[in-house]
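Annotated in TrEMBL:
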- 18-114: domain 'MSP' (DOMAIN)
- 116-143: region 'Disordered' (REGION)
- 118-130: compositional bias 'Polar residues' (COMPBIAS)
- 131-142: compositional bias 'Basic and acidic residues' (COMPBIAS)
- 160-181: transmembrane segment (TRANSMEM)
- 193-217: transmembrane segment (TRANSMEM)
Amino acid sequence: PMQQQHRQPELVEGSLPVFVFPTELVFYADDQTSHKQVLTLYNPYEFALKFKVLCTAPNKYTVVDATGAVKPQCCVDIVIRHRDVRACHFGAYDKFRLQVSEQSQRKALGRKEVTATLRPSASQDPTSSRVQDDERRMKEQNTDSEFFEQTAFQTENRPVAGGPSLLTVLLGLVCMAALMLPTLGEHESTVPVYLHLSVNKKLVAAYVLGLLTMVILRT
């Protein structure tokens, strides 16, 4: 029994090493391609992990899938976009915290912090300012920060499509076809009996068609 306990130690809250790459995100104002960065979270363990991304300045970033799961011995890419590229944010260090837990447990088994900063230009990034930045970052890393959940931007913002989707139109056509079919009990019909619908089914089709019409009108 004692050997089994040594083989399978209970994971203490906050003790699990978290593997994230990179550990620093640098966004450049003049480089559009740098406004989108990817964090890769690795799971080298034999069990699945749940993850959650927190941030000290959630309004400045869009995090695609801020919560999710990583299968055993797999990795997942977390896309982070800077959505407030302004000169007033140059040089400020923000932090992202990745918290991981086991699928069945709610407590955070491990966490890792990643720094993020916005700079004016990659070409105008002298070594002296980088040394100052490193000193400032080290100082800020040692201070406790307040982290917030990325609740409002969990999915990537896509432009709203003009007009109804194909699925909406197809569903509408199915409902219209259902309403055109003969009602159960009608004998004078060339349509096979198995295609005769009950009154209840036709009411459901009419109700769904009404909802779809409202959706289409809104789009």
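Positions of Cβ are set from backbone N, Cα and C atoms, glycine also.
Note that TrEMBL annotation is computational and uncurated.
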Would you list the DSSP helix, strand and coil counts for the residues of the domain 'MSP' (18-114)? 10 helix, 55 strand, 32 coil
Across the domain 'MSP' (18-114), average pLDDT on the 0 to 100 scale: 91
